[in-house]
Amino acid sequence: MLTCRSLWGSAQFLSYGWRIGFLLSLVLVAVGILVRLRVDETPAFQELRDLEASSTVPVRDIFRGARARRNTFLGLLARWAEGSAFNTWGVFAISYATGALGFHKVPVLIVVTIAALVMAVLLPVSGVLTDRYGARRVYLAGVVCYGLATFPVFVLFGTKSLVLFGLAMVIVFGVVHALFYGAQGTLFSSLYPTKSRYTGLSFVYQFSGIYASGVTPMILTALIAAAGGTPWLACAYLVATAVISVIATALIRERDLYL
């Protein structure tokens, strides 16, 4: 998308240029399908399949029993911070930088791309930390760092320096977000037994996207407008999501996990 935006003017990009990136994503879809077809199922699932013990209605299982309901509820709250953080730094920050801060679109997109690449490089590091210290601890550490970094990041944004904006984005999106983004898959999948794991993980991730991800840019925009153009009310909302997720993650009991 950055290349397309650089090659064409605004009119051409809005008319047809934005479609190029989505068409090229078909290559990624093909690669993803090929990789998935070549990856064997986990031994736990193969054993379950051989015993013909898979669940016929797995969505019912993720709400059946106190343990399942508790894990689902806490999972939905625990993901609030990750969902809001991703759409704040990956979506809202772009419009905020080009609008309130007055930066040109291409440099901002370059900054976000660099931050995303840093995150991609650090995700395996998060995986290693997850294997060593446990997904719950690593995810919790990432959410705490996100909450603590929110106000300082917007202070750096307020300097209207592209360099400091880039530094803040690399730290909060590239480094901090990688910490809990890499741990969340293991954490949320461990909330459920093998027979309902895929459904439970998908439900927690996708349903929480409604309130945690999708509406975040609109909420932040409304809060900034309500605060007369200052970002501090929006920052308070982001910190609140971090507090909610910290509490929810801390309440997830190790004995309730399927490790």
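Placed from the backbone N, Cα and C atoms, the Cβ positions cover glycine too.
The domain 'Major facilitator superfamily (MFS) profile' feature in TrEMBL is assigned to 68-259.
Summarising the annotation, TrEMBL assigns transmembrane segment to 20-39 (among others).
Same-chain residues lying 6 or more positions outside the transmembrane segment (73-94) and placing a CB less than 8 Å from one of its CB atoms are 105, 108-109, 112, 115-116, 139, 142-143, 146-147, 157, 169, 172-173, 177, 180-181, 184, 187-188, 191, 200, 204-205, 207-209, 211-214, 216-217, 220-221, 238, 241-242, 244-249, 251-252. If you look up TrEMBL, you'll see 73-94 (among others) marked as transmembrane segment.
Feature annotation from TrEMBL assigns transmembrane segment to 106-126 (among others).
Here TrEMBL flags 138-157 (among others) as transmembrane segment. Tertiary neighbourhood of the transmembrane segment (138-157): same-chain residues 78, 81-82, 85, 93, 96-97, 101, 126, 129-130, 164-165, 167-168, 171-172, 176-184, 187, 231-232, 234-235, 238-239, 242-243, 245-246, 249-250, selected by CB-CB distance under 8 Å and a gap of 6+ residues from either end.
The list of residues near the transmembrane segment (163-182) in space but at least 6 beyond its ends in sequence, with Cβ under 8 angstroms from a Cβ of it, reads 81-82, 85-86, 89-90, 93, 97, 101, 103, 108, 111-112, 114-119, 122-127, 129-130, 138-143, 145-146, 149-150, 152-153, 156-157. Here TrEMBL flags 163-182 (among others) as transmembrane segment.
Among residues of the same chain six or more beyond the transmembrane segment (203-225), those with a C-beta under 8 A of the stretch's C-beta atoms are 59, 62, 72, 75-76, 79-84, 86-88, 91-92, 95-96, 100, 184, 188, 191, 231, 233-234, 237-238, 241. Residues or ranges marked as transmembrane segment by TrEMBL: 203-225 (among others).
According to TrEMBL, the feature transmembrane segment maps to 231-252 (among others). Long-range contacts of the transmembrane segment (231-252) within the same chain: residues 71, 74-75, 77-82, 84-85, 88, 96, 100, 136, 139-140, 143-144, 146-147, 150-151, 154, 157-158, 187, 191, 212, 219-220, 223-224, each at least 6 residues beyond the stretch ends and with a Cβ under 8 Å from a Cβ of the stretch.
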